[in-house]
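Features as listed in TrEMBL:
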DOMAIN    5-149  domain 'Lactate/malate dehydrogenase N-terminal'
BINDING   Gly11, Ala12, Ala13, Gly14, Gln15, Ile16, Gly17, Asn105, Gln112, Thr129, Gly130, Asn131  NAD(+) binding site
BINDING   Arg92, Arg98, Asn131, Arg162  substrate binding site
DOMAIN    156-323  domain 'Lactate/malate dehydrogenase C-terminal'
ACT_SITE  His187  active site, proton acceptor
Amino acid sequence: MTTPVKIAITGAAGQIGYSLLFRIASGALFGPDVPVQLRLLEIPASMQALEGVAMELDDCAFPLLDSVELGDNAEHIFNGANLALLVGARPRSKGMERKDLLDANGAIFTEQGKALNKVAAEDVRIGVTGNPANTNAMIAMNNAPDIPAERFSALTRLDHNRALAQLARKTQSRVDEITNMTIWGNHSATQYPDIYHAKINGHSAAELVEQHWIEDDFIPTVAQRGSAIIEARGASSAASAASATIDAARDWLHGTPEGDWVSMAVVSDGSYGIPEGLMYSFPVTTQDGNWQIVHDLEINDFSRAKMDASATELSEERDTVTELGLA
Ligand code: NAX
């Protein structure tokens, strides 16, 4: 029998967790032949809810679900994890300043980075969905000195998928006819969805749409999609965020198709003038669980300004967490 993969998931009793666990247990991430062991982390106050979720996992009788471990201790849950999906985070509550949010989450991701450093498997990959995802991932990375920095990534795949869907709708094409979409920067309102390199059936996407659509419709719709969903649903994106978390991990581990790339927030090596060490979303190709930033793309002035604005925001977040002693 194939050795089961150990997947640690934090915030497992939350809304994203409620979609994510069942899809992973049914084989959506590792395919129909690989058994999975779920190791689920929650805070003490949510352990009872997590037990309910685990009962439902039992009741699905998933053939691929080898075991489920629940706990509120990061070192216990991360023990031996091959993949850690860090979804749980402290949400912004009323009256909370950005700095307070970074502080509260910094404490969580400092502790989890240290725990991963101590007990995760040699081959661990760590995907951060919990917001502010880019900076949380940077904090975890900086607190795990024995894990290579390239093993950390923050989720901008939901933004990437949203961009594909909007472009497909506008051009009356199918999402699988679109390649080379890019999200640059932070998973926040400053993100820059870039279609200047995207292709639809091999043709330049930017030539098929008007510039004013890109500026006045496409970019704001993608960047503000999360708020639009909260407005409509009364709750933040959950199933789509879970789906993107799976897409991101699957493509990271199993590779991108020839000629295409995906967007992942990864540690900057200074490519495209983005300050080193920031967790910034780039176009990347992946192979055998490793990613590489796509180099030498031509960047026009419009793109440059937007890429820099998002880098500035991430630098400010980094300054704040550095002042707080978290990174
Ligand atoms: P929920 O509030 O429904 O669930 C979060 C869960 O995390 C809760 O059950 C909570 O008890 C748990 N938790 C909090 N601190 C924890 C800790 N230290 N260890 C373990 N568990 C902990 O939020 P949900 O809608 O599931 O969203 C989860 C996170 O994803 C949020 O930070 C959210 O902002 C973020 N998102 C990120 C997206 C992205 O594209 N990167 C998009 C969707 C989503 O907004």
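A Cβ is built for glycine as well, from the same backbone N, Cα and C atoms used for every other residue.
In this structure, the CA atom of Arg98 (substrate binding site) is 21 Å away from the CA atom of Gly11 (NAD(+) binding site). Neighbours of Asn131 (substrate binding site) among the binding-site residues Gly11, Gln15, Gly17, defined as a Cα within 10 Å of its Cα, are absent: none qualifies. In terms of C-alpha distance, the listed binding-site residues Ala13, Gln15, Gly17, Gln112, Gly130 place Gly130 closest to His187 (active site, proton acceptor). Cα of Arg92 (substrate binding site) to Cα of Gly17 (NAD(+) binding site): a distance of 18 Å. Distance noted between the C-alpha atoms of Arg162 (substrate binding site) and Gly11 (NAD(+) binding site) is 23 Å. A Cβ distance below 6 Å to any atom of ligand 1 is met, among the binding-site residues Gly11, Ala13, Arg92, Gln112, Arg162, by Gly11, Ala13.
Contacts of Gly17 (NAD(+) binding site) defined by a Cβ separation under 8 A and a same-chain sequence distance of 6+ are given as Ile9, Gly11, Leu40, Val53, Val87, Gly88, Ala242, in order along the sequence. In this structure, of the binding-site residues Gln15, Gln112, Asn131, the smallest number of CB atoms within 10 A of the CB marks Gln15. Per DSSP, the secondary structure of the domain 'Lactate/malate dehydrogenase N-terminal' (5-149) breaks down as 66 helix, 27 strand, 52 coil. Here the recorded positions are Arg92, Arg98, Arg162, His187, and the one with the most other Cβ atoms within 10 Å of its Cβ is His187. Across the annotated binding residues for substrate (Arg92, Arg98, Asn131, Arg162), the two most widely spaced Cα atoms sit 25 Å apart.
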